[in-house]
Amino acid sequence: MLLTISGLPGSGTTTVSRILSQKHGLEMVSAGEVFRSLAKEYGMTLAEFGELAESDDSIDLEIDARQKEIAGTRDNIILEGRLAGHMAPHALKIWIKAPVELRVRRVVARESGSFEQKLEETKQREASEAIRYSTIYGINIGDLSAYDLVIDSARWDQFQVADIISCAVERFSGQ
């Protein structure tokens with residue numbers, strides 16, 4: 001079983017992935033973990049490596065190559081990350097969405113900063129990522145047609161979202 005969970009910051013992808021990992025006994029591999037691992041390999045802090053990634057497309061490409069490698073060589077995993085659904089075309093691909101204001105409130109709850117500050121940062125980050133994904137991969141991050149299931153996490157809490165995905169996992173793995 002290969003499952004991908006994608007979504008924008010604050011949508012709940014990491015939380016839901018952890019719940020599903022425990023519920024189904026699946027290993028969770030996140031793009032963030034791959035990013036942290038690469039930063040360590042480069043001997044850089046996360047902030048330094050983040051700055052490098054903004055100016056060097058090879059960092060994104062290396063993260064994605066590692067995710068593709070993991071998807072192709074391991075069984076029973078959840079691949080979590082913004083572009084994970086594009087890295088594993090044969091997986092059950094899930095996109096979790098939520099309105100930007102709710103996502104920002106969630107980010108503020110787990111990090112320091114004001115709502116206004118995080119809203120501006122989120123809008124800038126998402127605009128920058130949209131350009132990068134289009135330029136590097138030809139992917140329109142707003143086009144969700146690559147996903148098998150799109151869930152709005154504003155409508156349900158993290159456990160309900162995980163339950164909905166679990167139903168899809170059971171049907172998908174029963175094929």
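The backbone N, Cα and C atoms fix where each Cβ goes, glycine too.
Nobody curates TrEMBL annotations by hand; they come from automatic prediction.
On a predicted model such as this, the values are computed, not experimentally measured, just so you know.
The annotation ATP binding site is assigned in TrEMBL to GLY7, LEU8, PRO9, GLY10, SER11, GLY12, THR13, THR14, THR15.
What TrEMBL annotates, mapped onto the structure for a quick look.
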residue : record           : Cβ neighbours (10 Å)
GLY7    : ATP binding site : 25
PRO9    : ATP binding site : 18
SER11   : ATP binding site : 26
THR13   : ATP binding site : 27
THR15   : ATP binding site : 19
Structural state of PRO9 (ATP binding site), classified by DSSP into three states: coil
